[in-house]
Amino acid sequence: MAKMEVKSSLLDNMIGVGDMVLLEPLNEETFIDNLKKRFDHNEIYTYIGSVVISMNPYRSLPIYSPEKLSPPHLFSCSFALSDEAYRSLRDQDKDQCILITGESGAGKTEASKLVMSYVAAVCGKGAEVNEVKEQLLQSNPVLEAFGNAKTVRNDNSSRFGKYMDIEFDFKGDPLGGVISNYLLEKSRVVKQPRGERNFHVFYQLLSGASEELLHKLKLERDFSRYNYLSLDSAKVNGVDDAANFRTVRNAMQIVGFMDHETEAVLEVVAAVLKLGNIEFKPESRMNGLDESKIKDKNELKEICELTSIDQLVLERAFSFRTVEAKQEKVSTTLNVAQAYYARDALAKNLYSRLFSWLVNRINESIKAQTKVRKKVMGVLDIYGFEIFEENSFEQFIINYCNEKLQQIFIELTLKEEQEEYIREDIEWTHIDYFNNAVICELIENNTNGILAMLDEECLRPGTVTDDTFLEKLNQVCATHQHFESRMSKCSRFLNDTTLPHSCFRIQHYAGKVLYQVEGFVDKNNDLLYRDLSQAMWKAGHALIKSLFPEGNPVKVNLKRPPTAGSQFKASVATLMKNLQTKNPNYIRCIKPNDKKAAHIFNESLVCHQIRYLGLLENVRVRRAGYAFRQAYEPCLERYKMLCKQTWPHWKGPARSGVEILFNELEIPTEEYSFGRSKIFIRNPRTLFQLEDLRKQRLEDLATLIQKIYRGWKCRTHFLLMKKSQVVIAAWCRRYAQQKRYQQIKSSTLVVQSYIRGWKVSLSTGFMYVGTWARRELKRLKEEARRKHAVAVIWAYWLGLKVRREYRKFFRANAGKKIYEFTLQRIVQKYFLEMKNKMPSLSPIDKNWPSRPYLFLDSTHKELKRIFHLWRCKKYRDQFTDQQKLIYEEKLEASELFKDKKALYPSSVGQPFQGAYLEINKNPKYKKLKDAIEEKIIIAEVVNKINRANGKSTSRIFLLTNNNLLLADQKSGQIKSEVPLVDVTKVSMSSQNDGFFAVHLKEGSEAASKGDFLFSSDHLIEMATKLYRTTLSQTNQKLNIEISDEFLVQFRQDKVCVKFIQGNQKNGSVPTCKRKNNRLLEVAVP
């Protein structure tokens, strides 16, 4: 059901066409346009029936989170495909295989990781199950470290083919697994193309191993020390080799490697690295033949110590070759070229056999421990079809494997289609397709195949070369329609300038590939001299000894070992036989561009991959019968609203509902067929017509739902308004009645009071006098108010007249005077407050009163500056001339070394004394004092570094106004005298050490023995005084170079002085060591 839900979701909110089977019209241009449209909207997965096309986005997308693993959320087609395969295996007891193909950089390795992650996530839980899942997942980092490398097309390219069988029990829980590897690209060990790297493990070991481990393996962290490592791409952006090394060590521990096994593996890797540093030189023998000798035996000695091999045995194996025939043994010397071949052959065999041992060791750990019947899911991650500018034996073998995979892909796809038609009782129609069996036959035929002829040529006695192999191909394969060679008997290729004489071309299913025949015979032979095998078997290293069982003298086998081609052919045949017993699932990986960048879609590159993957042909095979098929239940659920009889609920069988639905829609009967559990639709147009009708019907249903909802909403609102109106009306009537009652009550009280007053006036006569008195009082009060009002009006009138007369004077001057007066008072107050708040006279005191008013901001800042300058002057006036000179030197030292030299902070608090030896007072140096007539600025004992071995000698360092002198500490005799005009530069490191170099002018008399390298405890003072003295005498600034790596001239050679961090045996004292003729290392704690 998971996959069916995903396929149904492809029709909802569809960007482009989610299943290429439904693409209309179908051609190469529309196919690419559909992929591009989906890629631009981050839709990287597209179906072709049950086949998944995966576009590499070169970035992380939010579609692989844990919540996406449950069936309703299987938005990733990789998860959906894995889910279908897993459920078929668990529920239907069908062995499955997932075939992941595509060219380098298309994302095959990442797709296989997603498949493994999904299987691990949906399986059962429990301690044992979790341990098995973790071991299966952690086998990936180990194999990637030893089998993957950075190439031009991919930063993590698999340089071997991997097939993993994951074994499950009847519940669907993993029991273990078995890994098979195919054709490791071992030639990469000794040579890498430009812009590519060796296998990851070499760089991870040198970057992530501890200093203790590197010392134990006799390695150094510098990549440039090893000839087998490419330096132009040693560092990869976004890749942390040190962190990956820790991940690999942890993964090996989880998989089940013991500590001594891990140590043994790393020792073999170190031995391979050091083999590349062995170099040979020619040496003539008495008989006139040339033999090879090892130039520097130190590397050989370290390799023998690592592997516990007798040095003499291994040295002889690199110089002699023993050939055995029945009872005879012939020993011949190896020239330089043959010695280098033997060295590289040993390195390649040692690494490839180590890789095979790793795979077998992982299989021992992850294999199922029980003997119950197991279900199997295979995951194949193998190299894709390769067409390079120069194609050799490796590409030929890889493309042969892809031909076989394409053959089984077409056969199994047709078989799956035919089985589904038979299962659903649908009539099967024959499908024409290109069968690439003729190409496979050309390569693998046991008598006339290219691999058979290559083996025959390798085993033939006499002179065997690549040209004789090509001549044989031209004789046997000249008439084959898929074979092209300019030297063949076929006349149509004689004038083909695109076909060189030393090449042949094969018309593969993916296109024509031109193969350079050079190297075919040697690479197929894959010879390792028996002397080297026997030397490896004699090793005291248990792992290395187990890798070379043929070296055992007791088990000497004079039979020639099988060739690389025949071994690979047998492995591919076994793989094909294995795949044909399983139900296939396909992921076709495509890379959108060669720049490994997101959001870039290269149409020509994608078109090339579509052609050689045969995707269009796959669509045509799928569409030859019925383009779309769907189970009755989801079909009826999706389209039931198109028929009144099935909407909204259908209570009968789903098939009957679909039949009624299609009859109601009047779809022609030739456009569909009813199977046992699915309906088959012949043309994509019919499906799109159903989708259009469904979309229109959904809009009508949405309109109906909106109408009913709006009616309900308005009716509910009306009833609420009606209820509110009744409540408001009741309260209004109540309020009106209460107000009317109050009015009637107050009117009644007034009438009552007047009636009572009238009654009283009738009974008493004196009421008239009281009335007259009240009226007279009222009149007097009114007269007093009028007089007061007249006085106030008159006063305001006089004021108005005065203001009118003096208005012009007031407006002109009063405002300005008030403003100036106010401002003067504010400033006066500001200065009085500042007087009481002044900070101390110390120049380093940064306190300053806060600003009281915003308009005084500039004044406040200027006053602060003036005060600071004044107190600095007061402070300087206290200095003597001697103190001023000392502070000037300290200031000069700050400008030269602050934030540049780690030693500088410790020199700040130390006074510059200059004359530390007191030559004038010490009678020991009387002779030295008499020889110097100038003023001595510096007299200090320094350590002069010996140019030959890096050891130090004590010398007296003297600086005068015009010269720099070196004298013997014991005798006081002057050893060297250098005019300051001949000093060009002083170099030192940025670290906490006292080493410095004095560079002299080339061609000068003083520079005859080269530059000087010193070590002093007063480096900062000496460099500062030398700089000031040179500037005063020559009017030129002396160049001070601060760098952790600089060059010095020792006689005729330039030597690099390199400062490194290291743990010192004698505490915190830096040490100097001459590494070679060009390198002097200073270890700083």
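The backbone N, Cα and C atoms fix where each Cβ goes, glycine too.
TrEMBL assigns the feature region 'Actin-binding' to one of the listed ranges (204-226, 572-594, 825-847, 963-985), namely 572-594. Considering only the binding-site residues Ser104, Thr109, the Cβ with the fewest other Cβ atoms within 10 Å is that of Ser104. Residues Gly102, Glu103, Ser104, Gly105, Ala106, Gly107, Lys108, Thr109 make up the record's ATP site, and a Cβ search at 8 Å around their centroid adds Asn56, Asn154, Ser157, Gly384, Cys589, Lys591 from the same chain. Mapped onto DSSP helix, strand and coil, the region 'Actin-binding' (572-594) counts 8 helix, 8 strand, 7 coil. Every protein chain considered, the tally of other Cβ atoms within 10 Å of the Cβ of Lys108 (ATP binding site) stands at 28. This prediction places the mean pLDDT of the domain 'Myosin motor' (15-695) at 82. Using a 10 Å radius centred on the Cβ of Gly102 (ATP binding site) and all shown protein chains, the other Cβ atoms total 24.
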